[in-house]
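Per TrEMBL, domain 'FAD-binding PCMH-type' is recorded for A:147-329. Among the features that TrEMBL reports, FAD binding site is placed at A:179-185, A:261-264, A:313-319. What TrEMBL records for A:Arg364 is site 'Important for enzyme activity'. Look at TrEMBL and you will find A:Arg460 tagged as substrate binding site. The active site, proton donor/acceptor annotation in TrEMBL covers A:Tyr523.
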Amino acid sequence: MFVCYGVLVMLHPNIGLLLNGFNEHLLPTRQEIMKWNGWGYSDSKFLFNKKGQAEFTGKRYRLSGMILPSLQDWFENTFGASVKQHKSPATPSLNAGALPPANLNEAFLQDLTATGIPFSHEADDRVFRAHGHCLHEIFALREGRGFQRVPDMVTWPNCHNDVVKIVELACKHNVCVIPYGGGTSVTGALECPPEEMRCIVSLDTSQMNRILWIDEKNLVARIEAGIIGQDLERLLNEGGYCTGHEPDSMEFSSLGGWVATRASGMKKNVYGNIEDLVVHIKVVTPRGVMEKSCQGPRMSTGPDVHHFILGSEGTLGVVTEVTMKIRPIPEYRKYGSVVFPNFEAGVACLREVAKQRCAPASIRLMDNEQFQFGHALKPQVSSIFTSFVEGLKKFYITKFKGFDPHQLCVATLLFEGDRERVLQHEKQVYDIAAKFGGLAAGEDNGQRGYILTFVIAYLRDLGLDYYVVAESFETSVPWDRVLDLCRNVKERIIRECKERGVQFQPLTSCRVTQTYDAGACVYFYFAFNYRGLADPVHTYEQVEHAARDEILANGGSLSHHHGVGKLRKEWMKESISDVGLGMLRSVKEYVDPDNIFGNRNLL
Amino acid sequence: MFSDFSSWAVGKCWILSGTETGCHACRSRAFQTCSVSQESGEAPDIIHEEASVILEEMAHRLKISTVRFFAFTLTKAFKTLFQHICVNEEGIHRLQQAIQEHPVVLLPSHRSYMDFLLMSYILYTYDLALPVIAAGMDFMGMKFIGEMLRMSGAFFIRRSFGGDKLYWAVFSEYVKTMLRNGFAPIEFFLEGTRSRTCKSLTPKIGLLNIVMEPFFKGEVFDVHLVPISISYERILEESLYARELLGVPKPKESTSGLLKARRILSENYGSIHVYFGQPVSIRSLAQDKVNRCKYNLVPRHIPRKPTKETQSFVTDTAYRIVRLQEDSMVLKPWVLMASILLQNLEGLELSLLTEQTLWLRGLAQSCGAFLDWPDHTPSAKVVSSSLALHRGLVCVSGGRVSLVLGEPQGLVTPEEALFNRAVSVLSCASYRNQILHVFIRPAILAVAIHNAASSKKDEVFNCFSFLCKMFSDEFILCPGDTVQDFEEACYLLVKSGSVQTLQQNIVVTDRGQSTLSFLNGLLESFLQGYQVVCQYFCEEACDSLTEKQYIPAVRSFAVKLILAGNLRCYEVLSSDMQKNALAALLRLGAVSKVKVADQVTLKVNKLAVNSLEDTLGGRLPTQKAVLARL
């Protein structure tokens, strides 16, 4: 890196200007408070303390600072892992030497410097933006191996016009641009193609994080695409509004990223998915800026050009500004939960709820494995009374109602709206649940379910400390195939693990996270203890590959909201047909003939 | 590996739950299917009614008391009839395991009425879930017994329902519901009907298609097929079959018929071997062969024609399973002896028979036959006890062994004498047929070497592949496997030292002469038989020959030839061979069916038939051109 710098200095007499570029590195980025080799904030993580008890550190979450007495037992029993004996700690810091040197395009650099847009080619900055959160990416970082190819530089445009300038320069100098939002991709979408010989510029949108205006008459807001989900929600909340778009990654993912991957939010039943929320998109492409001329709520003007951008995964351009629907903050919000005797009953209930179109803001059904896992994450109870009540509840469900603790499963619910309506709605849903043998199991269980949503991602890092690899993947599937798909995919995973020499029983678990009129979104978790395997990541990938084959064979889709990235490219043809793929290709060819946006996702 | 269990106690406790609910579930789903599948605009309630009737006629009503009763009587009967019933216990354990994991389909070979009683009896004795069995409707006609069978798990299907969509819909839904719910294994016979000749019949794929569908549609994770080989040392229906093949119509299944069969109880039928094969996972077989995504675009309850890809997969699987059945058939020494006797119809010295049997034993073993040859017993004793068991078929007089020619009862016409002789030959052939699967590929190769114009490998292969095409209804030769079959045949003959492959030539070795002549002899009657059929078509068949008239006509043609002393092959009198030969000619386009006013007549391309006949007889070299023209 210093070599590079030296070269630059030699080429460029105006050292002050260059350094200026570097000084701008003191931008307000979140890089400093985030883990470089794992999920989320540096201060928040699960660990087994000296007493052998699990705890969650930090202060950011409801679970933070709490002791989780049953986690260790669950962990050891489920995976055959040993907290005391078998540790696989991560390397403490990045080995900058392992990094390929920055391959800079001097002419581009010169022109970029002239624009005053900040940039950097520090190793940390480059590596931070070289990956998402796929298992193989995190695993490589933890081993200190780094990546074959990383961005050669990072630039931080401040507004739409900055992006226009950068893209123009990139075209002029034939530089590859990879847009970077929140970095939460789980499809390998942020990986740099190893065969890319041009200079790769990571275009970090994090500085474009303002709400430009709020239109209360039409209930829409103009927002810069780099804004992170939780910031957007917080800022809107100040004015009494929200978007209601809450993907599980909302703490870290960005608006532009949502658009680029066709994201889905937990509360889509009330607010809709990203494609329903977006009214107007402005996107900078190598051909120029594309946007619609008005903000009409619906148009019949040929195929919706927004849909070329929604899900384009950074292959066509950079989304800079978005007009999005907003809603007043709901007056009342209530969690809830229902216990079902088994998964089948639960799915039948969700199907009925969808049929009657009375789904609450969120309704999710966890299978038994996840229910047990949720139990393992229960914090220490504070009083004898609480533990007594818990005991009674358990007795009522398992002994009095005869639910098998190894069969039962839980649906968590979230209702939003005005108080009266919520209560009415709640009754309707519980009545349906009762028809399928469901028992109301309290607000607390429901709320905990949703809190877990945010901390669950931290758990993979804990597993990786003890020889356990884990990942999640999702699909959408017609109602009549939900049960068959869940069963077959789990079975396939178990079988593939066995065939590939995994020595321990894997954990496979699924949940139905969204309901639609014609089907549901199913989310799988899958983890195994990899002790004894030479190349756990490869084994993991083979199993996931087989699981995806199984999903497709059972009528599931390639992805519900994670996207395709590079991980699932090979199935695109099969998924959307030759002609479909050709259509996408021809759009790419027209919009970006020189493959400036060369992350090679999707196609 | 086989363990004897004839002394097993009967009296097991049985819990069957959910069978009733299973039926209900099936009912509702079947109706749903029907209303969709029915293209006629009939009112739904009428269809509902019809479907109900069909289901009533078809369904099984498993009752454990009936099963116990059966088990009790069968134990008695089996003890009287057979010396041993041997079962491979490790196969039972495998089955036990498979039943716990996935839906299981039992696919036994079918040689006798006994087969499915025997199956239920064995599973009952080993405490396994009793199978539900697809049985032909003709059993249902038997009063009382039909109901008893129903109560021991059989459900009945009509023999033919090709055109009846409603029947098909109800039936397939019924089977699939059984499978999905997994209450019990399903059992049916891939061969469709009892093989009267003791050689495996080419598989019917309809039912197999139905049981695979739940896997293709993702309704079950996997389905395991368990090939089961049931080998009888002596078949109850032995001479019945021979008569049937010679045109004496088979008696309708009736209870009184079964009672008359009591006579059978006083005879010794040797032992039975039941071999439960390794369960075959459809999932593993279908990997990379069937694209299950094809089933994603239509609701799964709507019946659809299987795609070409699926169909060929199912066919392949069916052949594979039948071959697995064949491979595990237990062969008795008598089978070897019958094969030798048939090539020496005039009889031969006992010592020579013994010697040749031992020689054949070696050859069979080198070809992978599953022989049950008693160890530590002098070979003379083995031969003599086999002769004793089958004294109805052979007689030994003055150290000479020959086939029994039927008791001359006073005055007999030449036709009657011929008929009696044919019964003996066909009965004997039914034992030889049991070993055909071991030798079939080398035997076809032997004939090909014999018939081919030169010893060039590709010429021999041409000839081989022609014979495979010709005989694909006669023997289990999976269509599309010809190259593999050829290689297998070469491998076996090279291994036994009978041929050598030298620079693209296949050369018979000196010591291979006897092997090749035996193998040639093995197929001789089939080659002759098919040629007689061809000859009939060329010389006798008139333009208005109907399908129905064909069998009796060809039979009397053959009788004439034999009586005139122009033919010594009795097997051509077998209606089985006649049907297979016709099927081959139809398949190869030398004969075609023409529908003329409600009657199907056979139209003969005499030129084509003639050239097929000559090619079979080795008088005409197999030419690609000939095949192409056909």
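Count begins at 1; order follows the chain as displayed.
The backbone N, Cα and C atoms fix where each Cβ goes, and this holds for glycine too.
Less than 8 angstroms from a Cβ of chain B: among the recorded positions A:Arg364, A:Arg460, A:Tyr523, that describes none of them.
The average per-residue pLDDT of the prediction over the domain 'FAD-binding PCMH-type' (A:147-329) is 96, rounded to a whole number. Taking CA atoms as the reference points, A:Arg364 (site 'Important for enzyme activity') and A:Arg460 (substrate binding site) are 21 Å apart. Between the C-alpha atoms of A:Ser185 (FAD binding site) and A:Tyr523 (active site, proton donor/acceptor), the distance comes to 16 Å. Residue density at the residue listed as 'active site, proton donor/acceptor': 21 other Cβ atoms are found within 10 A of its Cβ, drawing on all protein chains shown.
Other Cβ atoms within 10 Å of the Cβ of A:Gly314 (FAD binding site) number 27 in total over all chains. A Cα-Cα distance of 19 Å separates A:Gly182 (FAD binding site) from A:Arg460 (substrate binding site). All protein chains considered, the CB of A:Arg364 (site 'Important for enzyme activity') has 24 other CB atoms within 10 Å. A sphere of 10 angstroms centred on the C-beta of A:Gly317 (FAD binding site) encloses 27 other C-beta atoms.
Taking a C-beta cut-off of under 8 angstroms and a sequence separation of 6 or more, A:Ala263 (FAD binding site) has the following same-chain neighbours: A:His245, A:Pro247, A:Ser253, A:Gly257, A:Asn273, A:Ile274, A:His561.
Cβ-based crowding with a 10 Å cutoff singles out A:Pro179 as the top-ranked of the binding-site residues A:Pro179, A:Gly182. Counting other C-beta atoms within 10 Å of each candidate's C-beta, the binding-site residues A:Ser185, A:Arg460 are led by A:Ser185.
If you compare Cα positions, the residue listed as 'substrate binding site' sits closest to A:Tyr523 out of the recorded positions A:Pro179, A:Gly314, A:Gly317, A:Tyr523. In the three-state DSSP scheme, the residue listed as 'substrate binding site' is classed as helix. Rounded to the nearest whole angstrom, the C-alpha distance between A:Gly314 (FAD binding site) and the residue listed as 'active site, proton donor/acceptor' is 24. A gap of 30 Å separates the Cα atoms of A:Gly317 (FAD binding site) and the residue listed as 'active site, proton donor/acceptor'.
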